[in-house]
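The following features are taken from Swiss-Prot:
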{"type": "ACT_SITE", "residues": "His123", "note": "active site, proton donor"}
{"type": "BINDING", "residues": "Asp62, His64, Asp90", "note": "Mn(2+) 1 binding site"}
{"type": "BINDING", "residues": "Asp90, Asn122, His172, His246", "note": "Mn(2+) 2 binding site"}
Amino acid sequence: MSSSDLVAASIQGNLDEQISQLMQCKPLSEPDVRALCEKAKEILAEESNVQPVKSPVTICGDIHGQFHDLAELFRIGGQCPDTNYLFMGDYVDRGYYSVETVTLLVALKVRYPQRLTILRGNHESRQITQVYGFYDECLRKYGNANVWKTFTDLFDYFPLTALVESEIFCLHGGLSPSIETLDNVRSFDRVQEVPHEGAMCDLLWSDPDDCCGWGMSPRGAGYTFGQDISEQFHQTNNLKLIARAHQLVMEGYNWSHEQKVVTIFSAPNYCYRCGNMASILEVDDCRGHTFIQFDPAPRRGEPDVTRRTPDYFL
């Protein structure tokens, strides 16, 4: 075995130890997080704004720091790397274990880069995480904001969208009046904080709606888009389905626009109080799809969190 092979094996072994530690909901040290994120940055920088993904793959929605429910998701859907996963953003904020959740997903990405795709959600941003919990959690668990800064710098590199077998377009939020084609998405520079407006913002913030055309979003960012918009986007880009997350749906998944758009939400009993089911979408070798719904994992003793995070649209 060459010296480079030995180094690679050592790094891999160390990663496996870190993943094992994280699976027990134990955070990594600050230096380990920094080294992990540097490696992840190299991998993610090579990925496209529209990252191609092969089937079979299991598509997942928001996790929001609900670590034990993520562990349940892996128990039901299969462990990585036995199952390929595509996560559509919002790993942090609201739940009590954002640090462990996002660190585990990034560690799995570094260990199995071809098996896991992690997209950016609207909560993978500096501004949002300072309000909805991740920043405060990092301060509480590490005593400073260094880990928060390390992760929010890494978030700039997360791909914005993915394309499964050239026919299922996956993203966190929704469509944009600034984007007609997937090539439009491929062409812009994503390595930045999520802007307040424009195409990149819309991809992470928009929602499907029953009304036709484009509408003002009640969220204050992105747009609402009607079935006519979805149909045109499907036709222009030869798509079969748009899969997205971003909205709480009580059954864990919800069809809209005559099954041209599906919302997938993977945080059961969201915020530990909403009473919803979660789901994941399995896309098989033949591109058939199956939804798997699941309930919350048993509650553990939750940490004392004195500061209540403000509500916004769920």
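Counting starts with 1 at the first residue shown.
Each residue, glycine too, has its Cβ placed from N, Cα and C.
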His246 (Mn(2+) 2 binding site), number of other Cβ atoms within 10 Å:
27
Cα within 10 Å of His64 (Mn(2+) 1 binding site) - qualifying recorded positions among Asn122, His123, His172:
His123
Does DSSP put Asp90 (Mn(2+) 1 binding site) in a helix, in a strand, or in coil?
coil
Give me the non-local Cβ neighbours of Asn122 (Mn(2+) 2 binding site): same chain, 6+ apart in sequence, Cβ-Cβ under 8 Å, ordered along the sequence.
Gly89, Asp90, Ile128, His172, Gly173, Val194, Leu204, Trp205, Ala221, His246
Within 10 angstroms of the C-beta of Asp90 (Mn(2+) 1 binding site), what count of other C-beta atoms is obtained when all protein chains are considered?
27
Including all protein chains shown, what's the count of other C-beta atoms within 10 A of the C-beta of Asp62 (Mn(2+) 1 binding site)?
29
